[in-house]
C-alpha cells in the first residue's frame, strides 16, 4: 500500500469541475486510443510527452493539450502534477507510465486521480504476487522452478517489470541458463539485479492469446473486449528461416514484442475465457481492494488438450489493445458500436460522473 491515499485523491476530485474533466496519459504505449476514445466520449484530452515525441499525437489529432517534459519520468514532478490537477485531469495508467514513472513514485508521489486501482500495479510487477493472485483464483499456470539448478526440462526465463519481453529466453539446463544469462547481460538487456529476480517456469507449447478484459465496478461485470497475439523479434523472423539455415546461422532467439495482431479464439473456449476473468476479479477484490478495476489482460497459451494456461497478467490496459482501436469482434457483439479499450475506459468515467460514483473507479 503506497503513501498516496484514496481519501486524499477524492479530496482533489471533490474540487474538480466535473463538467470539464480532462482524460490524460503519458505519450506512449496505448495513448493513441486512450485519447481518441476519450474524445469520442466527449472529454478534453491531454498528453504528457517528451520533447520530439509528440508527432503521433499531433498528426492523429487526439490531444487537446500537450505537457512537455525532458524525460517521461518527469510526469511525477510537482509542476507537471500541478498542471494536470489544474485541468481536472484523470490519468489513465499504462505499461510505459508505470515503467518510466517508477512504480514506487506512482504509489507514493503521484497525487493525481488515476483510473483504476493504483495498488494493484505492484501485483503485476512482482512475479510472486502475480502468481499468488492467479493460482488463488484456481487458474492453471505453468510450473515454477525456484532456482536455476533445478531446471530439468524446457523452461521460459522472464524478468520483472513491464519490459515487452526483452531479455526473455528459453533453456533446458542450468548450464544453458548460465550461458544465456551472460549473453543477455552482454547485450545490456538485463542486469545482475534482474538475474537475482529471474522467474523460471515450465515452457508450455501451444497457441498464444492475450485476452483483454474490462471489469466494470459500476455494473460488477466482467467484459471480454478483444484478443491479440504478438509479433516478437527476433523469434518470428527466425521461424521463417528453413531449419537447416537456422542451425547454420546460429541465431539466439529473443522475444521482444514489436507488434500485435487481432485474433479470435475458438468459440467453445469462451466459457473458460469468461470463467478465468470472473475468478481473477473475485480474488483481486480480496487481495488488493478495490480489486481489478477497469482493463486487465491475461496472456495465455492454449495446449492441444484445449486447456487455457495463463502465464502472465497485466493489471491495467495492455499494449495488445492497440490491435482493436476501431473495436474488435467481441466489443462489437457487446456494444453494437465501435468500442476500443480506450473508449470503454472513458465510457466508464462518463457513467461514473453522471451517477456521482467517481469514488468507485478512481484511486
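Heads up, residue numbers simply count up from 1 along the chain you see.
The backbone N, Cα and C atoms fix where each Cβ goes, glycine too.
As written in Swiss-Prot, here are the features:
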type: DOMAIN; residues: 118-354; note: domain 'ATP-grasp'
type: BINDING; residues: 148-210, 232; note: ATP binding site
type: BINDING; residues: 299, 312; note: Mg(2+) binding site
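Sequence features, as recorded in Swiss-Prot, placed on the structure.
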residue	record	Cβ within 10 Å
148	ATP binding site	19
156	ATP binding site	17
172	ATP binding site	13
180	ATP binding site	17
188	ATP binding site	8
196	ATP binding site	9
204	ATP binding site	20
299	Mg(2+) binding site	18
312	Mg(2+) binding site	20
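Per-residue pLDDT, averaged over the domain 'ATP-grasp' (118-354), rounds to 93. Between the alpha carbons (Cα) of residue 196 (ATP binding site) and residue 312 (Mg(2+) binding site) lies a span of roughly 19 Å.
Here the CA atom of residue 312 (Mg(2+) binding site) lies 13 Å from the CA atom of residue 204 (ATP binding site).
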